[in-house]
Amino acid sequence: MTTTGSTPPRKNRSNVTGGEGGSLEEYAWRAAGEAAAAKKATRAWGVSVSLRSHFSSLVLLLLLLLVALAVSATTKNGDPAETPHAPPLPPPASIKLPSSSSSGGGECDLFSGRWVYDEAAYPLYRESACRVMSEQSACEKYGRTDLRYQHWRWQPHGCDLPRFDAEKFLGKLRNKRLVFVGDSLNRNQWASMLCLIDTGAPELHTSINSSRSLTTFKIHEYNASVDFYWSPLLVESNSDHPLRHRVADRTVRAASINKHAAHWTNADVLVFNSYLWWQRPAMKVLWGSFDNPAAVVAAAAEEGDEYAVSKVIDSLRAYELAVRTWADWMEFHVDRARTQLFFMTMSPTHLRSDEWEDAAAAAAGGNHGCYGETEPIAAEEYRGTSGTDMAFARAVEAEARRLGERSVAVRLINVTRLSERRKDAHPSVHRRYWDPVTDEQRRNPSSYADCIHWCLPGVPDVWNQLLYAHIVS
């Protein structure tokens, strides 16, 4: 039995709390764990003694104070066996690194800057030189002749973005595993990382192996791997198949992530993203199983719970539930002393040209998306409206702050603002098509232009330079 409820009104986006206050049964185990921890702490303090003199009382009280301090130190997070670890870095939307400018001093916000045309130093590699180039990103191969999009360098205000050095990066990655987890935009970034490594150290022995949702790029001399795991909605969903994921009735199991986590639980560096696949008014959330729905339906009917199977809810609320599940897993399973966690902010789309064109041009030409665009948007203050929903960003920020309070550091890599200006850097019509282009599409190229993903070399290389700066610096 599937129950479809009406979509609740979108909450005030200035007050997104990342799922605080939810009453789902799936999170009952957290309350039980907290109660057990409280009970344990109560037992630790429940000491009764018989004192014979004021002097012995003072000595005993001092001893109890020392014991209490020891108990407090070893029972942080309710786990006395937990390995001590350093306090985490703060997880704001913008991460600041020491300035590398000649003026020196202070810190530099790598996410605030401008695009500078630099034909001498960019791109970081040639498309034809990358032996592992993605067919979806090979814009030059598929007919794009205006190559200015390859030569733009991101210039932060007050410092320089470190140039990607493959040998230095692999030195940090020796005997380690880096995993990108997310949707096709995270795969876009993973493909960029492979090209940066492949062209930066072409003499190395590398190999690629795929097993369903997991693809592994192995650098044998370093015993290192850079993997991509397909998980477009972070939690389990009916879009998890790496090829057959275009489904009309998109459904998520907002409280279930273990099936995915099994594939990246031993990673040393994890890079997550999830946004694009949530861009619809409502989402069906399933509390049963994709594998045995009949049994779940029968159990729900027997218990008289009409919402035990599924319910259609506002997509933002579903996203908050999913990100909370992700954060809960990180809190209780990640190795704080070993694993570095990153979350990429929203990659913007350029589907509506009227967002950057003046009114007259928009009225005369109609909407053409990114088709025919060859230059970035110059205005630093430009903000797109249709391609990014900041309420989703705030949901991630809220969970990152919550994890930070629990000594789990998540660095948010803010690629949204710098990428918003690059309307020129999408594949548009210059990519491989898995289905033949129709005559109608040929008459109106903008109707099938890809204004979501990115050409390589291009914008995702800058994302990886930002990631590189955090890992290496």
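Even glycines carry a Cβ here, placed using N, Cα and C.
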Disulfide-bonded cysteine for Cys451 as listed in Swiss-Prot, from Cys370, Cys455: Cys370
Stated Swiss-Prot location of motif 'DXXH motif', expressed as one of 334-337, 378-381, 450-453: 450-453
Record Swiss-Prot, residue Cys130, disulfide partner from Cys195, Cys455: Cys195
Disulphide bridge to Cys455 as given by Swiss-Prot, partner from Cys108, Cys139: Cys139
Other CB atoms within 10 A, centred on Asp450 (active site, proton donor): 21
In the chain carrying His453 (active site, proton acceptor), residues 6 or more apart in sequence that have Cβ under 8 angstroms from it: Gln136, Ser137, Ser184, Leu185, Asn188, His426, Pro427, Arg431
Integer Å distance between the CA atoms belonging to Asn223 (N-linked glycosylation site) and Asn414 (N-linked glycosylation site): 30
Residue counts (helix, strand, coil, in that order) that DSSP gives for the motif 'DXXH motif' (450-453): 0 helix, 1 strand, 3 coil
Around the Cβ of Asn209 (N-linked glycosylation site), the count of other Cβ atoms that are within 10 Å: 11
Asn414 (N-linked glycosylation site), number of other Cβ atoms within 10 Å: 21
Asp450 (active site, proton donor) to Asn209 (N-linked glycosylation site) - Cα separation in whole Å: 27
